[in-house]
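Residues or ranges marked as transmembrane segment in TrEMBL: 6-23, 44-66, 72-96, 131-149, 156-173, 179-197, 206-227, 233-256, 277-301, 307-327. For N148, D209, the entry in TrEMBL reads Mg(2+) binding site.
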Amino acid sequence: MLIYFVILVLLIVAELVYFRIADKFNIIDKPNNRSSHSKVVLRGGGIIFTLGAILWFVIISLASVIPDLSQFATISVTQYTPFFIGLILVSGVSFVDDIHPLPDSLRLVVQFSAMFLMFWSLNILHWNMWWVVILALIVCVGITNVYNFMDGINGITGGYSLAVLFPLLLLQWQNPQDSSLVITTILADLVFCFFNFRPKNKAKCFAGDVGSISVAFIILFVIGKIIVSNGDITWLILLMVYGVDACLTIVHRIMLHENLGQAHRKHGYQLMANELNISHVVVSLIYLGLQLVISLGFIYLIPNTVVAHWIYLIIVLVLLTITYVIFMRKYYPLHEKYLNSLHC
């Protein structure tokens, strides 16, 4: 366990060094009328997730030659290399986009390329089922972007990621080959939360695209390994709360004939934080707690069968959808008043 303490210390130092770099080069997030904050904040603090993955990859690469790292010696570096390259690609482009906006087309090309590399590591590039591979690529790239869309208030990316990573750790605790990446990512998340999981206008940094995209990429990889080993896609329920809010908000915006590429404040968590003036910390805790309850129920309360998993998933999906619709019908008019005030 000493190695994880060393990783934690290195990540804290790395984050503090990044803050100095971001401050020097003016890597900041300026608020606008679509933002849920009102002060300038350092952007890109979520680079800590990529730095954690780099540390992890270096450790497993050296495990065979350094005796003190022997616990990682069973991890196949070859298997993880495509995933790691994909993570570096998508993180690099996302970080550049945080500094200087890039064309959507370029970001999507890189995201699909990175996801292809992840699929290579997962060994699911079976061309006799090419249509399934293409569909899975589209879905997974969509999930990473949903994770990015949901990063709009203090603590939500870090907190929600903990709610996903903790159940993943419980599932893989007995397998150091899989749990080491999850533990390292949790440590990176805890460091990030220390600086971000704070009330409105009190955060030291925001995750930036580099943070939300990279942690989503890592989480998808770990969930992907579980799905491949079990042949059960219902494990995507570990991302259910984000999925329902994001997807139903997209449907809502389509009904309003809005440009989906334009920034907005229509997610459920945004209405809570802005129109209802609920603390960012409280809103983030609601999303964290809800996802954690759903995930732990999925793991421990129902039979470990595909049929039981699907029944549980459908019940949760219906309940979350009903809750979202009721919430929006009651509180969305407050957002309309806000929009009207901008034109007065």
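Using N, Cα and C of the backbone, Cβ positions are placed for all residues, glycine too.
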Beyond the flanks of the transmembrane segment (277-301) by at least 6 residues, Cβ under 8 Å: 36, 153-156, 158-160, 162-164, 166-167, 170-171, 197-200, 234, 237-242, 269, 309, 312-313, 316
When counting Cβ pairs under 8 Å to the transmembrane segment (206-227), the leader among 44-66, 131-149, 179-197, 233-256: 44-66
Cβ contacts under 8 Å made by the transmembrane segment (131-149) with residues that lie 6+ beyond its boundaries: 90, 108, 111-112, 115-116, 118-119, 124-125, 157, 209, 212-213, 215-217, 219-220, 224, 239, 242-243, 246-247, 267
Candidates 6-23, 72-96, 179-197, 307-327; stretch with most C-beta pairs under 8 Å toward the transmembrane segment (44-66): 179-197
Cβ-Cβ under 8 Å with the transmembrane segment (6-23): same-chain residues at least 6 beyond its ends: 42-45, 47-48, 51-52, 55-56, 59, 184, 187-188, 190-192, 195, 204-205
Intrachain residues whose Cβ lies under 8 Å of the transmembrane segment (233-256), provided they are six or more past its termini: 143, 146-147, 149-150, 160, 164, 167-168, 219, 223, 226-227, 264, 266-269, 287, 290-291, 294-295, 298, 306, 309-310, 312-313, 316-317, 320-321, 324-325, 328
Long-range Cβ neighbours of the transmembrane segment (307-327) (under 8 Å; 6 or more residues past either end): 232, 234-235, 237, 240-241, 244-245, 248, 268, 271, 294, 297-298
